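Asks: Checked Swiss-Prot, it gives:
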{"type": "ACT_SITE", "residues": "H38", "note": "active site, proton acceptor"}
{"type": "DISULFID", "residues": "C46-C104", "note": "disulfide bond"}
{"type": "CARBOHYD", "residues": "N55", "note": "N-linked glycosylation site"}
{"type": "DISULFID", "residues": "C60-C114", "note": "disulfide bond"}
{"type": "SITE", "residues": "K61", "note": "site 'Critical for catalytic activity'"}
{"type": "BINDING", "residues": "K61, H62, Q63, N64, T65, K86, R105", "note": "substrate binding site"}
{"type": "DISULFID", "residues": "C78-C129", "note": "disulfide bond"}
{"type": "DISULFID", "residues": "C85-C92", "note": "disulfide bond"}
{"type": "CARBOHYD", "residues": "N100", "note": "N-linked glycosylation site"}
{"type": "ACT_SITE", "residues": "H145", "note": "active site, proton donor"}
Amino acid sequence: MVLCFPLLLLLLVLWGPVCLLHAWPKHLTRAHWFEIQHIQPSPLQCNRAMSGINNYTQHCKHQNTFLHDSFQNVAAVCDLLSIICKNRQHNCHQSSKPVNMTDCRLTSGKYPQCRYSAAAQYKFFIVACDPPQKGDPPYKLVPVHLDSIL
């Protein structure tokens, strides 16, 4: 039993950062958190845009992509044919046309002084969609995760 404790402690230490990466503020629905993280109809400078996300999580997010489109248009992608997500779930959907987007990558700093570089892109995207939660827009499915950029 003595040997199990250090191993358990190591697993907890390693699992902690993984949990932070996938957590969202519990007072928000997954769709609202998706909107905060990924929907930006008018491009903003990455340092400014990312501070809004980082203030929720209290750490510098390493990378984030902003889709320059409306939530309504991105939610409409959820009505397209389902495809397999990276996590092997079957609730992903690919956009039918490319959209403008900005990829923000952490270059330096520690929270709250996070600094980012920006790369403008025009690409297709894949989102995971789920039924709406209470408080979400009344769509059949809503985007909850940006699965990939193509």
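Glycine too: its Cβ is placed from the backbone N, Cα and C atoms.
Fair warning: this is a prediction, and the values are worked out from it, not measured in the lab.
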Asks: In angstrom units, rounded to an integer, how far apart are the Cα atoms of C114 (disulfide bond) and H62 (substrate binding site)?
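Replies: Rounded to a whole number, the Cα-Cα distance is 9 Å.
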Asks: List only the single closest residue to C78 (disulfide bond), chosen from the recorded positions H38, C46, K61, Q63 by CA-CA distance.
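Replies: For C78 (disulfide bond), the spatially nearest of the recorded positions is H38.
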Asks: Between C46, C85, C92, C129, which of the disulfide-bonded residues has its C-beta surrounded by the fewest other C-beta atoms within 10 Å?
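Replies: Checked C46, C85, C92, C129; of these disulfide-bonded residues, fewest Cβ neighbours within 10 Å: C85.
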Asks: Among K61, H62, Q63, N64, T65, K86, R105, listed as contacts of substrate, what is the widest Cα spread in Å, to the nearest whole number?
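Replies: Taking every pair among K61, H62, Q63, N64, T65, K86, R105, the longest Cα gap is 21 Å.
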Asks: On the three-state reduction of DSSP, what should I expect for N100 (N-linked glycosylation site)?
Replies: strand
Asks: Can you tell which of the recorded positions K86, R105, H145 lies nearest to K61 (site 'Critical for catalytic activity') in space, using Cα positions?
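Replies: Result: the closest of the recorded positions to K61 (site 'Critical for catalytic activity') is R105.
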Asks: Sort out the sequence-distant neighbours of R105 (substrate binding site) for me: same chain, 6+ apart, CB within less than 8 Å of its CB, listed by position.
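Replies: R105 (substrate binding site) has long-range Cβ partners H62, Q63, Y116, S117, A119.
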Asks: CA-CA, which of the recorded positions C46, C85, N100, C104, C129 lies nearest T65 (substrate binding site)?
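Replies: Ranked by Cα distance from T65 (substrate binding site), first place goes to C104.
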Asks: Compare the C-alpha of C60 (disulfide bond) with the C-alpha of each of the recorded positions H38, K86, H145, and give the closest one.
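Replies: Of the recorded positions H38, K86, H145, H38 has its Cα closest to that of C60 (disulfide bond).
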Asks: Quick one: what's DSSP say for T65 (substrate binding site), helix, strand or coil?
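Replies: The three-state answer is strand.
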Asks: Need this for a regression test: recorded positions H38, C46, C85, C92, C104, C129, filtered to those with Cα within 10 Å of N64 (substrate binding site). What's left?
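Replies: Correct set: H38, C46, C104.
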Asks: To the nearest whole angstrom, state the Cα distance for the pair C46 (disulfide bond) and the residue listed as 'active site, proton acceptor'.
Replies: 12
Asks: Just name the most isolated of the recorded positions T65, N100, going by other Cβ atoms within 10 Å of its Cβ.
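Replies: Checked T65, N100; of these recorded positions, fewest Cβ neighbours within 10 Å: N100.
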